[in-house]
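**Student:** Quick one: structure below, then a few questions.
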Amino acid sequence: MASNESLQTTAAMAPVTIERRVNPNLDDELPKPFLPRALVAVDTEHPSGTPGHQHGDMSVLQQHVAFFDRNNDGIVYPWETFLGLRAVGFNIIISFFGCLIINISLSYATLPGWIPSPFFPIYIDRIHRAKHGSDSEVYDTEGRFVPSKFEEIFTKNARTHPDKLSFSELWNLTEHNRNALDPLGWVAAKLEWFLLYLLAKDPHGFVPKEAARGVFDGSLFEFCEKSRRSNKQQ
């Protein structure tokens with residue numbers, strides 16, 4: 001009895017633990033799911049990460065940001081963020097406001113010194129300092145990828161399909177992850193998932209699990225850019 005209780009993931013007096021379930025057998029489906037991965041974004045379907053994706057010895061969070069480093073100098077300026085957003089398929093308006101919001105909000109935390117820069121650069125080697133609250137915690141505080149937290153996105157929130165998220169389910173995800181007294185984190189999380197929804201939703205209005213995983217290591221951005229190039233060449 002005590003042994004069974006020590007492994008329970010739900011509590012009758014805490015209905016939220018029943019509503020938002022976790023996978024108790026995750027370690028049978030993925031080796032060491034609670035071990036943060038520094039180089040690859042893994043899940044139960046991709047235990048070795050994204051096939052063909054080059055990590056470049058960067059953390060998974062750094063890989064996510066590095067796509068927008070268009071000249072590969074380790075620094076992302078607003079105009080590079082704009083070009084990156086355009087490259088994956090966002091229109092000019094979203095790309096313009098997106099680059100302003102992203103660089104203005106993230107730049108200072110990544111700077112090597114205390115003096116702000118009027119160019120709002122984002123330094124990739126310090127991007128872990130810009131991690132905001134009220135997020136999914138799939139990235140840890142050093143920028144590693146935590147597989148168990150990624151799987152929880154779907155076990156806790158996917159109600160229509162186990163491997164897809166609707167817009168309302170994404171909204172609920174951001175509501176569930178809210179930390180107290182963290183309005184900046186609340187807004188940032190909603191903006192991030194809204195942009196992913198615009199970018200990756202399927203014809204039925206769902207974001208597939210593979211697309212969500214791909215955004216964490218940046219492979220989704222690479223896929224979208226290559227797809228757009230191929231379509232233009234046809």
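Each position is counted from 1, following the chain as shown.
Every residue gets a Cβ built from N, Cα and C, even glycine.
Here the structure is a predicted model, which means the values were calculated and not measured.
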**Student:** Among the residue ranges 62-71, 112-121, 162-171, I'd like the one that Swiss-Prot describes as motif 'Proline-knot'.
**Tutor:** 112-121
**Student:** Which one, from the binding-site residues Asp69, Asp73, Glu80, has the smallest tally of other C-beta atoms lying within 10 Å of its C-beta?
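**Tutor:** Relative to the other binding-site residues in Asp69, Asp73, Glu80, Asp73 has the fewest Cβ atoms within 10 Å.
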**Student:** With H, G and I counted as helix, E and B as strand and the rest as coil, say where DSSP puts Glu80 (Ca(2+) binding site).
**Tutor:** helix
**Student:** Going along the chain, which residues at least six beyond the ends of the domain 'EF-hand' (56-91) come within the CB cut-off of under 8 Å?
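**Tutor:** 37-41, 98-100, 102-103, 119-125, 127-128, 131, 139, 142-145, 195, 198-199, 215-218, 220-222, 224-225, 228.
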